[in-house]
């Protein structure tokens, strides 16, 4: 079999001439690209179940399913047809991916290593359960020609992704709460040079600026979510060379630990009050109100002075974020910048989205073990609205970074 024939093949040999499940335009694509799932060769109006299954990098199996009725020609097209029941109901072309779920509660789908594709098996089954056909979707994180280079400088370890070509490229620092190559590699596919760094290493300032300053005279972009948000704000406020910041569902103040720059403390920590943690019936906790109020007089030393920054900001908040009070933090930052007659910002608010806004077409995660607090927490988000927010935001991020980091070909060639 050719590779394509191996990815898309009927299972039941007696039905191989009739039933075919196809992934269009190809069974191989990038992680952030949609596929059109179609089935042909069924009986007129036949009801079948489509299933998807995948295993994450920790060996946890995730599954989803949805029932569909074929049209008069015996065909199903997920771009057109509505699911009758299952993991979701209605027309949702990528619903089988979005609704992938583990059997156990509070599981996040770990897909963080760029060199390993996200493999998803799609299959179509009779109502009695027999498999009629299957196809495997290979969803790559790293595109053709993108270079992946591990970076180590003293205690700092990260991964640098460089697009194909000579450059210069717009440069972005991707701050990860815990190391992940997913967002960085996908941005590199779009023409950005991206350094992914975990927040477990916070002594990053001199390193990132000295490193990225060789890429472009335009300056560096920073993208972040959650705890990374206040680090990104601090970089813009205190470190020269930061030109654009994408802040996603973070805080307006420095959370958790003191922040140092040039061996001096520049911000005190905004702390947690764990008596305000709200348990849920599922066993996960809502910690949204557990962070102390950054506007209280005793906490003003933790607030990041973004009004002193020359960078451009994209503030992104989800109103159903159950981890941070992101919307209030966004409103505070916007009001503060306006009071200082600053116009270097824009904001996007997603009413029904949750905390974990990621590149599109991954499984939605409503709750999971918190990597720092070590107990399960609720992330929030109505699944379909959250998926739509991720799709919209992904394009918004790219447009924002290109606008403020665009490189002039006459600028210095990358020496990283």
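Placed from the backbone N, Cα and C atoms, the Cβ positions cover glycine too.
Feature annotation from TrEMBL assigns transmembrane segment to 187-208.
TrEMBL lists 213-406 with the feature domain 'BAAT/Acyl-CoA thioester hydrolase C-terminal'.
What TrEMBL lists as active site, charge relay system is 226 (among others). Cβ-based neighbour count (10 Å, all protein chains) for residue 226 (active site, charge relay system) stands at 26.
According to TrEMBL, the active site, charge relay system annotation covers 321 (among others).
Summarising the annotation, TrEMBL assigns active site, charge relay system to 355 (among others). Within the same chain, residues at least 6 positions away in sequence whose Cβ sits under 8 Å from that of residue 355 (active site, charge relay system) are 226, 249, 318, 321, 322, 323, 324, 326, 379, 380, 381.
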For residue 321 (active site, charge relay system), the number of other Cβ atoms found within 10 Å of its own Cβ: 26
